[in-house]
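Some features that TrEMBL has for this protein:
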- HIS107, ARG108, LYS123, LYS130, LYS131, GLU132: substrate binding site (BINDING)
Amino acid sequence: MANEEKNLVEILDENHPIDISKYINFVHAPQCGAIATFSGTTRDTFEGKAVQELRYEAYVPMAMRCIKTICSSARSSWSLNSIGVAHRLGPVPVGETSVFIAISAVHRVDALDACKFVIDEIKATVPIWKKEVYTNGEVWKENSEFIDRRPELGKVAAHGRKGCCGVKTKVDDGVESDCYGGAHAT
């Protein structure tokens, strides 16, 4: 099976919760001794403020291309079997999952390292924007991964791998663009 067929990447429309078991089942394989997962959930407070929900918006064609590029980068660095990535759009209430990653590999080190890489790259480079809604207001948030990388966009990041930044990507509307585009994700 080609690597592209071993990836399941989805950006879910508003009010569609992530079915975690779908992605775990997708990556499960008898030859793999490890499945690493990451589940990003909405917490109830941030810096002492009560959080009601998170709201996500995205430029979906570019976000999909960027996530697929991130999956390809992970495959070039680690020996992986399958990758599943899901991200929700719209409101995500406290306690619910906004992003989920599942990665299978023969060995746990590959699966764990790749899982961390994938979430860090999504947060740093994919055009998905997050708004935190508090009981007394709301604010658009930039992820620390995006802020930390801002001065080195297009350069090799601290972990020694070039991320989605600096990679030209053709999106469905035919526009060629960099994956970062001022993105701040989950």
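Positions of Cβ are set from backbone N, Cα and C atoms, glycine also.
Any TrEMBL annotation is an automated prediction that lacks curation.
TrEMBL feature annotations superimposed on the structure.
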residue : record                 : Cβ contacts under 8 Å, 6 or more apart
HIS107  : substrate binding site : GLY33, ALA34, SER79
ARG108  : substrate binding site : GLY33, ALA34, ALA36
LYS131  : substrate binding site : LEU54, ARG55, TYR56, GLU57, GLU138, VAL139, TRP140, LYS141
GLU132  : substrate binding site : PHE46, LYS49, VAL51, LEU54, GLU138, VAL139, LYS141
Cβ atoms near LYS130 (substrate binding site) (within 10 Å, other residues, all chains): 21
Binding residues HIS107, ARG108, LYS123, LYS130, LYS131, GLU132 (substrate) - maximum C-alpha distance in whole Å: 37
